[in-house]
Amino acid sequence: MTQSKNKVVIFLGPPGAGKGTQAERLAREQNLAKISTGDILRDHVARGTALGQRVKPILDAGQLVPDDILIALIRDRLAGMEPVRVIFDGFPRTCAQAEALDMLLEELGAPVSAVPLLEVPDETLIERIVERGRQAALRGEPVRSDDTEEVARRRQQVYREQTQPLIDYYAARGHLQHVNGVGTPDEVYNRILQVVR
C-alpha cells in the first residue's frame with residue numbers, strides 16, 4: 001500500500017496492553033495520524049474546558065465516556081483528511097461506536113484496513129498500569145488519575161463487559177487479528193506489523 005492510499009487501523013485491547021505505545025510507533029513509521037480519544041479527553045481535562053469538566057468525573061471513576069461525545073470528537077478530527085491514514089487508539093469501544101465509525105469511514109471512502117487485538121493477561125495489565133503511575137511520579141510528572149490498582153481493576157471489568165461485543169463485531173467482519181501483547185515493545189511491534197501490512 002502506498003503512502004497516498006487510505007489506511008485505517010483500529011487498535012483493540014484492554015487498558016495497559018500497550019496500545020498507545022504501539023500506535024505511536026506505527027503512526028510514525030507508516031505516516032499515519034494517531035487518534036487517541038483518551039489523549040484528546042485528558043487534554044480537555046488538563047485545560048479545564050467545558051468538555052473536560054464534563055468528563056473528568058467519568059474518567060476519574062474509570063468509566064467510559066458517552067458515545068455522543070467521542071463520535072463528535074472523531075468526526076471533527078477526520079474532517080478534511082485526504083487521504084484518510086489513521087490509527088485509532090481507544091476508539092471505538094462499543095458496537096454503536098463501531099457502526100457510527102463505519103458509516104463515517106464509508107462516507108470518506110476509507111474502510112477499516114486492520115484491527116489488531118493486543119492480548120495480555122489481567123495481572124500483567126494491572127502491574128503495567130500501576131508501574132506506569134510509579135514511574136511518572138519518580139520522574140516528577142503528573143500521575144494519571146486512572147493509574148491506581150483500584151481504578152485499573154475497575155477499568156478491566158468495564159472493558160470486559162462493554163468491549164467484548166466489539167471484538168465479536170470486528171471478528172465477524174474479518175478484520176480482527178489476535179496479537180500477543182506480552183514481550184518487549186519491539187517483539188510486540190513486529191507481531192503487529194505481520195497483521196497491518
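Backbone N, Cα and C atoms are what each Cβ position is placed from, and that goes for glycine too.
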Check: For the ATP site that Swiss-Prot assigns to GLY16, ALA17, GLY18, LYS19, GLY20, THR21, GLY183, which of ARG132, ARG134, ARG139, ARG144 is also named?
Finding: ARG132
Note to self: Based on Swiss-Prot, name the residue from ARG28, ARG153, ARG155 that is recorded for the same AMP site as THR37, ARG42, GLN63, LEU64, VAL65, GLY90, PHE91, PRO92, ARG93, GLN97, ARG144.
What the structure shows: ARG155
Notebook entry, point to check: Can you name the residues of this chain that are 6 or more positions from GLY18 (ATP binding site) yet have a C-beta less than 8 Å from its C-beta?
Noted result: LEU118, VAL120, ARG128, GLY181, PRO185, VAL188
Check: Could you give the number of helix, strand and coil residues in the region 'NMP' (36-65) as assigned by DSSP?
Finding: 22 helix, 1 strand, 7 coil
Check: Residues sitting near the region 'NMP' (36-65): Cβ under 8 Å, six or more positions beyond its termini, same chain?
Finding: 20, 23, 73-74, 77, 88-91, 93-94, 144-146, 151-152, 154-155, 158, 162
Item checked: Intrachain neighbours beyond the region 'LID' (131-147), with Cβ under 8 angstroms and 6 or more residues off its ends -> 15-16, 42, 59-60, 62, 155
Margin query: Let me spell it out: for each of the binding-site residues (THR21, THR37, GLN63), count the other Cβ atoms within 10 Å of that residue's Cβ, using every protein chain shown. Which one has the most?
Written below: THR37
Check: Of all the binding-site residues given, GLY16, GLY20, GLY183, which residue's CB has the most CB neighbours within 10 A?
Finding: GLY16
